[in-house]
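As written in TrEMBL, here are the features:
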- 17-265: domain 'G-protein coupled receptors family 1 profile' (DOMAIN)
- 6-24: transmembrane segment (TRANSMEM)
- 36-58: transmembrane segment (TRANSMEM)
- 78-96: transmembrane segment (TRANSMEM)
- 117-134: transmembrane segment (TRANSMEM)
- 173-197: transmembrane segment (TRANSMEM)
- 217-236: transmembrane segment (TRANSMEM)
- 248-267: transmembrane segment (TRANSMEM)
Amino acid sequence: MVLFVLCLGIYSVNVLGNALLIGLNMLDPRLHTPMYFFLSNLALMDICGTSSFVPLMLANFLETQSTISFPGCALQMYLTLALGSTECVLLAMMACDRYVAICQPLRYSELMNRQTCTWMVALSWGAAFANSLLQSILTWSLPFCGHNIINHFFCEILAVLKLACGDISLNALILMVASSVLTLAPLLLIFLSYVFILTAILRVPSAAGRHKAFSTFSAHLTVVVIFYGTISFMYFKPKAKDLYLDKLLALFYGVVTPSLNPIIYSLRNAEVKAATIALLRGDLSRKMAPFPVVL
């Protein structure tokens with residue numbers, strides 16, 4: 001019951017916060033820029049990612065015996081893996097956008113046009129979902145002849161592979177290669193973008209100019225640190241003897257981290273705060289009126 005109430009509250013913050021970001025980006029013309037286009041996709045991905053397993057997880061918290069159907073488990077594993085990988089690639093695309101905005105400001109509108117941004121987002125979603133489809137086909141092609149108890153909050157791919165009674169060496173190899181391509185490669189791209197960004201910021205002569213340039217990507221930097229920091233702590237720490245610790249870490253990564261993104265972008269972004277205030281005052285709806293109202 002404690003986990004149910006806690007996770008329900010965090011999940012509600014996640015859905016409402018990210019839905020608010022998407023709504024603001026659609027309603028406020030000042031937010032119709034590449035950065036907020038990427039942010040809207042990140043918010044949509046966070047909503048879909050948590051919604052793929054949290055509602056059933058909440059229901060299972062109240063049940064004596066937690067169960068999931070075979071097709072439901074397959075769909076849940078596919079979606080959680082795909083959406084998690086999408087966030088890795090999408091954060092790299094957002095880092096590239098910040099690099100162009102700070103290091104190539106005069107060519108920003110030319111380089112980051114609508115078609116380019118659409119292709120970058122399509123690549124993020126397409127590559128991740130294609131990889132998840134491959135991993136799902138390989139996983140569910142294995143024989144499952146033993147027990148059917150998944151020692152996890154949801155159908156996480158590693159937890160499912162432990163149930164297979166066949167050889168999973170090929171699955172582990174392909175999963176490791178795919179994880180390196182979709183996780184480490186975007187992280188390297190983010191790191192290189194930050195190096196160029198920080199170099200460009202340090203060249204700005206005025207302190208006010210440096211502060212303004214840093215503020216344009218500080219929110220993205222915070223999200224990257226939390227996201228990859230949580231992943232690193234989960235997968236590169238020594239294996240815990242108590243499996244409940246690993247599951248709680250996965251719960252933090254899957255539920256809490258997506259809920260922090262709208263909070264971070266709201267608190268550290270002047271445009272989002274201004275759009276939120278305008279929405280609360282009712283100015284945003286008047287500003288979006290398609291035709292002037294004649295009284």
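Just so you know, glycine gets a Cβ as well, placed from its N, Cα and C.
Panel annotation: around the transmembrane segment (36-58), residues 4, 7-8, 11, 14-15, 18-19, 21-22, 25-26, 68, 72, 75-76, 79-80, 83-84, 86-87, 90-91, 93-94, 97, 117, 120-121, 124-125, 153-155, 254-255, 258-259, 261-262, 265, 271 of the same chain, lying at least six beyond its termini, place a Cβ under 8 Å from a Cβ of the stretch. Contacts between the transmembrane segment (6-24) and the transmembrane segment (217-236): absent, as fewer than 3 C-beta pairs lie under 8 angstroms at sequence separation of six or more.
Sequence-distant contacts of the transmembrane segment (173-197) (same chain, six or more residues past either end, CB-CB distance under 8 Å): 85, 88-89, 91-92, 95-96, 98-99, 102-103, 127-128, 131, 134-135, 138, 157, 217, 221, 224, 228, 231.
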